[in-house]
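Have a look at the structure below, then the notes.
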């Protein structure tokens, strides 16, 4: 037996197990469905070798394997014991493309911690930093815009969906592909800061290689303490924010929602043109509604639909909210303060959270009466700062931690698919980019861009 479970000449004398391989891949990647014997000592690596041999491939493709909708992470022999199956049983094993570790591509240095990242646009990445600036980065990794206006550290950023520019969350809800930004389009962005405000920006895109300095068009005021999280609704018409003042505030992005005095300032700004003084250019906006219920910092907010959102807090709770009425419709809880939140998974209805321990928790708010997580994944060695469901996969999500690593998970296994060490300090934020890439920011002041290898299956 070779290392990592691959077949060797000695395997022929080992105990044999009957297996039948199935797959949902295209015909060219299918093998015969007749059961046949393989050594019981094989792990997924050896099984992948078997499939590649049956397919007659000169260049192997890495495969993963499922038994009863669970990823195989032991030898077949141990699997039989764990499931209390007879050695004469025929194992119906499904093979799928394996998720391979990403390839570190480049890193971009900031002047301070990179505390927030949004990679929901195919053509750009948005970052927020403790140096008070947000930045827009091109596909080539070049900074093309500096968003200047906050007076304290930026804690959260969110791209606002606009007609023609569908972000990852909206694309997921509408089952549409991610759209690239055309030159000349404006990108709308909202940021949250320790200066107690949210600011909205409209960043023009063009072919210019020069770095633009962009001033905010609106300033959302109402929180009495640091803003910790912001999120734009699927339509882009609303924004919600969570704060250290324990409240969630709801804001409108359209000028139709402005109060008379706010609308007058907005009109003056339009008439004055782009070179107007910052104080005039920035329209102050008041909150449409305030949702109370949390008793400590609201560390993350996320939209499930245009009229429904979720929040997590340092008070250990996960709460759902009816946007129209402001009602706290359900509350789930755990034993630790929670830092991050993502909506996705099966039916785009599951929640992933991370917090002040090493546990990535998955919740199903559809189950009536269940107030605890349905799955807990442990592998990190520090607090979890960020988590994100994959925009297309029902099973995959990532997590980032103070331990300096990013882990990618499949909910059909209890161990991570892989671990990436992309930073030399705490990882503070992470996101999927263009589905096959991962971007992250950390206390080492770097934006890291990692590209995944992709197999045409």
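Placement of Cβ uses the backbone N, Cα and C atoms for every residue, glycine included.
TrEMBL: automatically predicted annotations, no manual curation.
Feature annotations, courtesy of TrEMBL:
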DOMAIN    17-80  domain 'NLE'
REPEAT    189-211  repeat 'WD'
REPEAT    220-251  repeat 'WD'
REPEAT    291-331  repeat 'WD'
REPEAT    350-364  repeat 'WD'
REPEAT    377-419  repeat 'WD'
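Residues 169, 173, 228-235, 237-238, 240-244, 246-250, 337-343, 348-349, 351, 353, 355, 363, 365, 371 of the same chain sit 6 or more residues outside the repeat 'WD' (291-331) yet have a Cβ under 8 Å from a Cβ within it. In the predicted model, residues of the repeat 'WD' (291-331) average a pLDDT of 97. For the repeat 'WD' (220-251), the list of distant contacts is 152, 155-162, 167, 169-170, 173, 188, 190-200, 284-292, 294-303, 305-306, 309, 311, 313, 315, 321, 323: same-chain residues at least six beyond its ends, Cβ to Cβ under 8 Å. When Cβ-Cβ distances below 8 Å are used as the criterion, the repeat 'WD' (377-419) is approached by residues 66, 69-71, 73, 99-101, 168-169, 171-172, 178, 339-346, 350, 352-362, 425-432, 435, 438, 440, 442 of the same chain, each at least six residues removed from its ends.
Each residue in the repeat 'WD' (350-364) gets a DSSP state, and the totals come to 0 helix, 11 strand, 4 coil.
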